[in-house]
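> Pasting in a structure now, in structure tokens, and then I'll have a few things to ask.
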Amino acid sequence: MTRLPLPKLFTLLPHYRANDLWADLTAGVTVGALALPLSMAFAIASGTSPLNGVWTAVIAGVIYGLLGGSRVLVAGPASAFIPLLFAIVSQFGPSALLAATWFAGLILLLLGLFRLGNLVRLIPNSVITGFINGIAVIIILTQVKDFLGLALAVPPSGLVGKLRALYDALPTLQPASAALGFGSLALLLGWTRLERRIPKLRRLPAPLVTLVAGTAIVWGGELPVATIGSRFGAITSSLPAFTLPVVDWTQFTQLLPAALAIAVLGATESLVTTRFADEKIDDLHNPNQELFAQGVANLLTPMVGGLPATGAMGPTATNIRCGAQTPISGLVHALTVLLLIVLFAPAATHVPLPTLATIVMVTAYNMGSWRRMHWRLLRRYPPNYRSTLLITFLLTVLFEVTIAVEVGLLLTSFSFIHRMTRLSAIHPIDLTHHPAAQALRDSAADGSVEAYRFSGPLFFGVVPKFDALLRRKTWPQWVLLDLHQMISIDDAGIELFERLHRQIKRHGGSLRLIGLQAQPKRALARSGFLAELGAHAEYPTLSEALYALQNERAPQVTTAPAQ
């Protein structure tokens, strides 16, 4: 574990100007106005109280602003969490969600402290795309119930079960809820188009305009639709008390996969968001600092009944469009959310659920990368990319999110191993025209020398490439391995060398290593293999090894058989 660098905020403060402050204030207020309806909608869709989402946005906004590694990232609850959180609440209850979030925060904190942030970057885009798109489909399906006002208690898990339950519940459709849902959808999409034509309208985010309009219609017209108040009761403006989450240790083994899924999903969502932000503002974030801040935020949000927090794509994109310069905009966003809920808590009880469902559905759709799944574009990618993307997508849609996360990680591991294996190769070296082999070639004819060059990492996935060598029945007197391009070795590689050495020695031959790099040399020395080979079994270059053989014996040089 090494020391983390300073958070982004403190590296930017020495150069902070008055113009930056004004840009951060205006952007933060706008993003806060957007984050309020989103956080409430995400919390309700996750099966918890809307205030849980609000306090998550406030705490995560403050923690990321103070400790984060990105200039413009805005944190809070994210739509990507919805299916996973809903499944945890339905199966184990709200208290289990708090415990799982706390454990996920601990995992993220340790990843940041041990500087393992770059591991998240190893997850292929195919896995991320399939996973995020699958989650988007699940979110949209789960919101159809409130969008149409269907009488459906708890929709079952899995695509087929959800579709069947929604079809069976269609006779209970409420015309007022459906009308409000489609009206909210038209306003949300229409206002978004107006924002593109009239940039000044971006100061009034489309979700906020839709939320206010829907609330006004329901409140003024007394429409018979479900609201926050009818489902959750009164919304209080009092600040929450910090309490440690209660952990039922009998459920620990069941909650651990959920905590791991929250951590992986949160880190992945944060990675996607920070990549987007870096491209837009031409900056580089610190992944380890980002994971550290995310871990701290997820350790604190459960103490107020909050949800898991991560980098939020919608608020971050709005933050960039509004000209934010530093993490101070994230702090202003958190303060804005806090002031809005304190001032307008009584009015929040009249917010209609069909309108919130509309906001969640549109946000989920915008979250997906649908163009990448279009067949015309998909067929341009390699078969490995297509299969990984489609498998991850189908697993996410058809089964539980935790299963998709676990299989996605497994696919990531296989994909990484496959790529690393393709980078490694072993080839025979033709010594016929090598200058240092002249004296050997003209010497006695009762011996032989073969040389091979290995390149890439030597790990368990590469060992099968040596099968042809290991199956040999006879060996020359000397076998030279040029390892200048071997960048690393693991235990399986060391065992391979030991086995190769035993076979060659059994036939009266000798193994010589050439050009060992730092990591392989340390590993082979620590294992005792270099000591077993002897003092004169390692050379810096192939030429030095060939000249050294002249002092031992002058065998006839042969060309290694093609492998």
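Here, residue 1 is simply the first one shown, and the rest follow in order.
Each Cβ is built from the backbone N, Cα and C atoms, and glycine gets one as well.
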> Which one of these stretches, 173-192, 293-312, shows up in TrEMBL as transmembrane segment?
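The listed stretch tagged transmembrane segment in TrEMBL is 173-192.
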> What range among 204-221, 456-473 does TrEMBL describe as transmembrane segment?
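So the range that TrEMBL calls transmembrane segment is 204-221.
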> With the transmembrane segment (389-417) as the reference, find which of 21-44, 128-153, 173-192, 328-345, 351-368 contributes the most Cβ pairs under 8 Å.
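Between the stretches 21-44, 128-153, 173-192, 328-345, 351-368, 128-153 has the largest tally.
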> Mind pulling out the one from 50-67, 252-272, 328-345 with the most Cβ pairs under 8 angstroms to the transmembrane segment (21-44)?
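Against the transmembrane segment (21-44), the leading stretch is 328-345.
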> Should anything in the same chain at least six residues away from the transmembrane segment (351-368) have a Cβ under 8 Å from its Cβ atoms, list it; otherwise answer none.
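For the transmembrane segment (351-368), the far contacts come to 37-38, 40-42, 44-45, 50, 79-80, 82, 132-133, 135-137, 139-140, 143-149, 177-178, 180-181, 184-185, 188-189, 207, 210-211, 214-215, 217-218, 223, 225-228, 231, 313-314.
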> Per DSSP, how many helix, strand and coil residues does the domain 'STAS' (448-549) have?
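The breakdown for the domain 'STAS' (448-549) reads 47 helix, 30 strand, 25 coil.
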> Check the transmembrane segment (50-67) against the transmembrane segment (252-272) for contact, please; criterion is three or more CB pairs under 8 Å, pairs 6 or more apart in sequence.
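Checked: the transmembrane segment (50-67) vs the transmembrane segment (252-272), no contact.
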> Which listed stretch (128-153, 204-221, 252-272, 328-345) has the most C-beta pairs under 8 A with the transmembrane segment (96-116)?
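Ranking 128-153, 204-221, 252-272, 328-345 by Cβ pairs under 8 Å to the transmembrane segment (96-116) puts 252-272 first.
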> Take every residue in the domain 'STAS' (448-549), average their pLDDT values, and give the whole-number result.
92
> With Cβ-Cβ distances below 8 Å as the criterion, list the same-chain residues six or more beyond the ends of the transmembrane segment (252-272) that contact it, or say none.
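Residues 73, 78, 80-81, 84, 88, 92, 96, 99-101, 103-104, 107-108, 111, 120-121, 123, 128, 131-132, 287, 290-291, 294, 298, 308-311, 313, 401-402, 405-406, 408-409.
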